[in-house]
Amino acid sequence: MSSSSISLPLGANDEEETVVSWDDHDAGNPCNWSGRKKAAVLLTTMMLIVNSTMGSALPSNALPFIASEWQVASPQQRVLPISIYLVGYVMGPIFWAPLSEQFGRKTPTLCAFTLFTLSTLGSALAPTWASFLVFRLAAGVFASAPLAIVPGIIADLCSNPGTRGRIMGLFLVTTVSGPLLAPIISGFCAPTIGWRWAFWIGLIYAGVTLPALALLPETCGPVLLARRCPAPAPGRPRPLAELAAVVLARPLRMMAGELLVSASCAYMALCYGVFYMCFEAYPVVFEGVYGLSPGQCGLAYLAVGVGCLLALPGFWAYEVVLARARARGAPWTRCEEARRLPLACVGGPLFAVALFWMGWTARPDVHFMVPALAGVPFGLGFMCIFQALLNYLTDAYAPFAASANAAASASRSLLATVLPLATVPMFQRLGISGALSLLGGLSTLMCAVPFLFLVHGKRIRANSKFCVALREREEEQQQKQQQQQTRQQWKKKGAGKPTLGQGRRMSDCEMTAGLVGGEAEDMGHGRAASAASACSAISAATSAWGAPGVTVSHDEGGRSL
């Protein structure tokens, strides 16, 4: 278990330290909420994810009709309604993940989703091509908030790693289901009742989700605990530039300087980019080769959905195996690589085989169901890769996992923005078999990433500045716990205030918010301190922006992590 602490001074002359944490059966702890309340929260978050991801592909099978209305002839411009939305996916997570760590889950999510709903309305009513693209960009930026925040909500509610892993599997399936439903909607709406109705349907669904979101309770443990802490004395306001340097830039620093993060981002980015290329490639294959209608072509995506659903029993069975191995103390369960990466070692070859399968069978003399069924191993492999690598990053970087996942989200969305622009020219130049074989070959090369991590991952983590900072934080956590216990014993004996550490008296009000799954993002000056509690989270927030004494970890060079 990892945890975070932030220091909030009680007043100018106060030297008392108050530790605010969860009791074992605290009703305010999201981990202790009733099963019905947790289920309601999780259902709302899954609705948010479907809204976000469905919006990305809503124009897919309506693109010819949209281009016809505004006389858009360029093939590159015709791809923009999807690509420009994914540009928002690149920009958004870098901001939304840190904001949810700073101000809690509900407020950023509600603000972003409200603006997403308005942007969807703008897309349905857009009078020109340019305005349509502007609304699509705005929708993508605001739609990226649930993708960045919902994993944190899941971990807030689930302290048990097995339960959290099973729900994360559902989360990943939900992220894929939205883009697979969207081509079916636009494929049947565009030729019959008009392409704008695809966005009206998306708006209706967003309108149904919005009231449920308004009722969503806050789940972030540090924010909930901050509300219990006495109000801090006014302090020096934290400059926005300092906030950006410490928190918002962390995902970019991890992407550039952490080999585990950069290699995982590269692999997931390729898979995600190929996934979004399918929205351009499927019409080429199933409409161009087999003469299917846009609606029938949309139904071909269901095979990918079936593959994703088939991954769920595999996830859950693996969690059972892992839990049993932990119970008997198997040594391999204490290694992040051995615990998380086997799924990616299976999923990588499946993903590559699916691309070769479709490329070599998509021809007129082969029934269209044969290449369509390649979507099953495609979806299965895609899910295994993402489940393994995202969990691996979370385990390896604990308190910095939200930033690591934000880096992964931004990088994969960047490639998903660019690759669809090259899909039609690549298929025209190389042909269906050549283009899909090229993608299959690249995927085969990237299959080596999880295998290399299995061999060298432990050594890479040992040399990581972020991982070293995490080990130091754990040591400080133990020291803080000992100091707290010593202070309580002295108070019981009536001996007054003890002097702790090397003559340093504890003079601040410390709020401690523990996070199972270990996501803690602390800001400020000095060295980060940690103390345990029972709340789980993938990301942690500090609500003391502007208060002196808030702490962060530094690397050996003195730079804030």
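Cβ coordinates come from backbone N, Cα and C, glycine included.
Remember, TrEMBL labels are computer predictions, not curated facts.
Annotated compositional bias 'Low complexity' per TrEMBL: 479-488, in sequence order.
Per TrEMBL, the feature domain 'Major facilitator superfamily (MFS) profile' maps to 40-458.
As annotated by TrEMBL, region 'Disordered' applies to 478-508.
Long-range neighbours of the transmembrane segment (39-58) within the same chain, counting only residues 6 or more positions beyond its ends whose Cβ lies under 8 Å from a Cβ of the stretch, are 33, 82, 85-86, 89, 109, 113, 116, 120, 139-140, 143-147, 150, 153-154, 157, 167, 170-171, 174-183, 185-186, 198-199, 202, 205-206, 208-209, 212-213, 215-217, 219, 276, 279. What TrEMBL lists as transmembrane segment is 39-58 (among others).
Tertiary neighbourhood of the transmembrane segment (78-97): same-chain residues 55-57, 59-60, 63-64, 66-67, 72, 108, 112, 132-133, 136-145, 147-149, 152, 248, 251-252, 276, 279-280, 402-403, 405-406, 409-410, 413-414, 416-418, 420-421, 423-424, 539, selected by CB-CB distance under 8 Å and a gap of 6+ residues from either end. According to TrEMBL, the feature transmembrane segment maps to 78-97 (among others).
Outside the transmembrane segment (109-127), and at least 6 residues removed from its termini, the chain residues within Cβ reach (under 8 Å) are 48, 51-52, 55, 92, 96, 100, 134-136, 138-139, 142-146, 149, 196, 199-200, 202-203, 206-207, 209-210, 213-214, 216. Here TrEMBL flags 109-127 (among others) as transmembrane segment.
Summarising the annotation, TrEMBL assigns transmembrane segment to 133-155 (among others).
According to TrEMBL, the transmembrane segment annotation covers 167-185 (among others).
According to TrEMBL, the feature transmembrane segment maps to 197-216 (among others).
What TrEMBL lists as transmembrane segment is 259-279 (among others). Residues 56-57, 60, 82, 86, 176, 179, 183, 301, 304, 351, 355, 382, 385-386, 389-390, 392-393, 396-397, 404, 407-408, 411-416, 418-420, 423, 439, 442-443, 446, 449-450, 452-453, 457, 460-461, 464 of the same chain lie 6+ residues outside the transmembrane segment (259-279) yet bring a C-beta within less than 8 angstroms of a C-beta in it.
Residues annotated as transmembrane segment in TrEMBL: 299-321 (among others).
For the transmembrane segment (341-360), the residues of the chain that approach it from at least six positions outside its boundaries are 271, 274, 285, 314-315, 318, 371, 374-378, 380-385, 387-389, 392, 432-437, 439-441, 443-444, 446-447, 449-451, 453-454, 457, judged by C-beta separation under 8 angstroms. The feature transmembrane segment is assigned by TrEMBL to 341-360 (among others).
Here the transmembrane segment (372-393) has long-range neighbours at 151, 165, 168-169, 172-173, 176, 260-261, 264, 267-268, 271, 275, 286, 300-311, 314-315, 336-337, 340-355, 357-358, 361, 401, 404-405, 408, 450, 453, meaning same-chain residues at least 6 beyond its ends whose C-beta is under 8 angstroms from one of its own. Here TrEMBL flags 372-393 (among others) as transmembrane segment.
Marked as transmembrane segment by TrEMBL: 400-422 (among others). Same-chain neighbours of the transmembrane segment (400-422): 76, 79, 82-84, 86-87, 89-91, 93-94, 96-98, 100-101, 144, 147-148, 151-152, 250-252, 254-255, 258, 261, 264-266, 268-277, 279-280, 389-390, 393-394, 466, 470, 517-519, 521, 538-539, 561, counting only residues six or more beyond its ends whose CB sits under 8 Å from a CB of the stretch.
Among the features that TrEMBL reports, transmembrane segment is placed at 434-455 (among others).
Contact between the transmembrane segment (299-321) and the transmembrane segment (167-185) is supported by 3 or more Cβ pairs under 8 Å, counting only residues 6 or more apart in sequence. Long-range contacts of the transmembrane segment (434-455) within the same chain: residues 260, 263-264, 266-267, 270-271, 274, 277, 281, 337-338, 341, 344-345, 348-349, 351-353, 355-356, 358-360, 362, 388-389, 392, 423, 426-427, each at least 6 residues beyond the stretch ends and with a Cβ under 8 Å from a Cβ of the stretch.
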